[in-house]
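Lifted from TrEMBL, the feature list:
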REGION    57-94  region 'Disordered'
COMPBIAS  57-68  compositional bias 'Polar residues'
COMPBIAS  84-94  compositional bias 'Basic and acidic residues'
DOMAIN    114-189  domain 'Bromo'
DOMAIN    258-339  domain 'NET'
REGION    336-366  region 'Disordered'
COMPBIAS  336-345  compositional bias 'Polar residues'
Amino acid sequence: MEAVAAPLPDSGAAVLDHNPNPAEVEVLTLRVDEVVQKVDKLEEKVNEVEQFYTNLSKKQQQTGSKGSSAVKEKEKQVLSMRKQQQDASRREAAAAKRMQELMRQLGTVLKQLTMHKWAWPFMQPVDVKGLALHDYFEVIDKPMDFSTIKNQMEAKDGTGYKNVREICADVRLIFKNAMKYNEEGSDVNFMARTLMVRFEEKWLQFLPKVTEEERRREEEEAEAQLDMQLAQEAAHAKITKDLSNELYDLDMHLEELREMVVQNCRKWSTEDKRKLGGALTRLSPEDLTKALEIVAQNNPGFQATAEEVDLDIDAQSESTLWRLKFFVRDALEAQSKTAPASTGGNTNDDKNVNNNNVTSNNHKRKREICDAIAIAKTAKKRSKKPS
């Protein structure tokens, strides 16, 4: 590749062989802008899908979920996200009904307990004022009694107990409060201790039913969560398929636009190619690598990463030459702007490298759209100049 110090042609080189129709240029620019907007929207959807599967992959690694084959088998059974939500609501309602039955059965146990001859001190809230118990609330943080528990069990406004273990905890609190405030050896302390022993015996008999219901609920919740996850995967799989089809259509449309632009641009002369070759030699190693990648995109056999690269400018297509031209122009402008900062020894070099890395990761479609826009706008600008 010949190294020539001649400057790269400015953007005015992208002209038409004939006087262009401004209306045609405007229509072409609008079509390119349309494609840009569509690509931006699709990229947002792609990012959303990629984020979903990234999070899903992390979750599977933490929980040891089954492989994708099991997911595919379950996907066929998942109809929709709404159906899964309805099923989850029904399961929750059934579980709440079973829990209400358990609380009713425990209520029978409590009724038997309150019929004991020593239960009377615990039936109603402690009459702190009437009994002149001035330090009661300093000792007892949360007072409790059987009438309060009964009211809580019968509440219809949604403030009642949700789990039978909550009732058990409040029954124990009644007796713990009594033993805490009344010293050991007193009548109330003895009555509370005796009734608590009786309650714990009844609770041990009742506990297997509680643990069985809790185990069943855990299994149902785990199944519901898995079904919901599979439904989400199925929905995102459909989105991915639709995105793939849309991107393919956009690629075809973009290729047509690019060919239209290239056909309307004047042909490259030997002098133009010579100047482009000279400009390539002034690129930084990073930018030169990116330029070679542009060449490789339309030349599958071209080895852009080889140790020695033989680039034949004359063998490149018109579209590749135009893309190289605009890339080289922008790269050289960026180099000229960062050159003074480099001699100053500040951190702008690091920022420039980071920016270049970000630019290199842009999708092929994005670069092609930018090229098409640049050529179309240049042609439009040129057409407005007096001949």
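Each residue, glycine too, has its Cβ placed from N, Cα and C.
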When DSSP states are grouped into helix, strand and coil, how many residues of the domain 'NET' (258-339) land in each? 56 helix, 1 strand, 25 coil
For the compositional bias 'Basic and acidic residues' (84-94), what are the DSSP-based totals of helix, strand and coil residues? 11 helix, 0 strand, 0 coil
Long-range Cβ contacts under 8 Å made by the compositional bias 'Basic and acidic residues' (84-94), restricted to residues 6 or more beyond its ends, are 78, 220, 224, 227-228, 231
